[in-house]
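According to Swiss-Prot, the features are:
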- G170, G171, A172, G173, V174, G175, K176, T177: ATP binding site (BINDING)
Amino acid sequence: MTDTATRPVASDSVAGVGRIVRVTGPVVDIEFPHDSIPPVYNALKTTITIGEDSTEITLEIALHLGDDVVRAIALKPTDGLVRGQEVRDTGAAISVPVGDITKGKVFNVTGDILNNEGGEPIEITERWPIHRKPPMFDQLESKTQLFETGIKVIDLLTPYVQGGKIGLFGGAGVGKTVLIQEMIQRVAQDHGGVSVFAGVGERTREGNDLIMEMEEAGVFDKTALVFGQMDEPPGTRLRVALSALTMAEYFRDVKNQDVLLFIDNIFRFTQAGSEVSTLLGRMPSAVGYQPNLADEMGVLQERITSTRGHSITSLQAIYVPADDYTDPAPATTFAHLDATTELSREIASRGLYPAVDPLTSTSRILDPRYLGQAHYDTATRVKAILQKNKELQEIIAILGVDELSEEDKVTVSRARRIQQFLSQNTYMAKKFTGVEGSTVPLKNTIESFSKIADGDYDHVAEQAFFNVGDLDDVERRWSEIQKENG
């Protein structure tokens, strides 16, 4: 048995152990022995002791400064770190648990389980590093397939791609997070797939609400959640999306499952990158963003894809600062997306939810080659009616509806019915409205909007189309309205 006194003592001469030479907020400079400088992205560990409390923190190497000094970003607050303190090189990048063990669990960026206090210790059998290469070109799936959501406005006008990247754009308070929660519910119910949720720089309260709602809906056990919230250091917020994506990749590549990856909010990912870039001393680019914004975004987005027969479909909430779509953060994200769902403050103010703007939302598969001629023709007609109505609004505001031609009056009337019919009861809104959510099959959606555009329902009052599922609901509502009016 080795005596304690003869054991090696950690010092500057021991490989894999360095000493802190500088602490500037979340940025820590560490000097290592010349022959054992760890590579960029390696995880380092050290312990902060304040009084009787000890906390282990993880740091990730971001730069080699020269003179045997590396610069690392701390993933927890650095209060209590001192110069000369020892830091251990783990010899590998940050890694997270993968596999079925992740379902029904809440993790932080380094893969620690957050919702197992007082429970039995959970054995982690496999971990993957969060920095991984995207699939090779010859491994990618070449077929394009529609991802049906059961939400009318999305399926008809901005159809999602199986294995694609979808952006939910909108300012504060227009319903991005609620729509993401709705999609988690629908995927669990209708697709039976696995969901992975990345909470990137959002409010802790929202994360808590999401977990409680998922437990109530019975979908929590099919979802892995990874959180790096608003109050955490920028290094955590920058890496948490990669931690969640790594868990999703395991289900796709090893379990051969289709996965839905939710990221809320991708703007906070960009914002964290900007903070880290500034802390590392890089010269800022346009509007103060990091000079490697496009590169950082590409590293994340290129890993979200379909391989042969299996897919990761990503739904990303994207906050638009001051509703400015030319801001570099949302503008850089646009290039990677297969579909964009823009949430409109004006539509939300009229009480029409989901508040999707049908004229500015887009999808690359809104094409007869992918959807069929009937779907494409119906979507095109609906958009044409809504666009014509938008053009006529200025005339109506000045002269009134009575000054329009008979043809234009019919167009405006049908457009109003279409606008009302694009609203829909959602499962997540039941607690506010008291009305059960509805799922509308794509075939019904196409037929319904085609009939409204043809004028088959011109005799039905506009209010009968509000917040309903299909035309059967409209007819039922219309009968009730007629009875009430005698």
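Yeah, the Cβs are placed from backbone N, Cα and C, and that goes for glycine too.
Remember, predicted model here, so these are calculated numbers, not experimental data.
Residues Y319, L343, A348 surround the recorded ATP site, their Cβ atoms falling within 8 Å of the Cβ centroid of G170, G171, A172, G173, V174, G175, K176, T177, which are themselves excluded. Cβ packing within 10 Å was compared across the binding-site residues G170, G171, G173, and the lowest neighbour count falls to G173. Listed in sequence order, Y319 are the same-chain residues six or more apart from A172 (ATP binding site) with CB atoms under 8 A from its CB. All chains included, 24 other C-beta atoms sit within 10 angstroms of the C-beta of G175 (ATP binding site). Packing around K176 (ATP binding site) is summarised by its Cβ count: 27 other Cβ atoms lie within 10 angstroms of its Cβ, all protein chains included.
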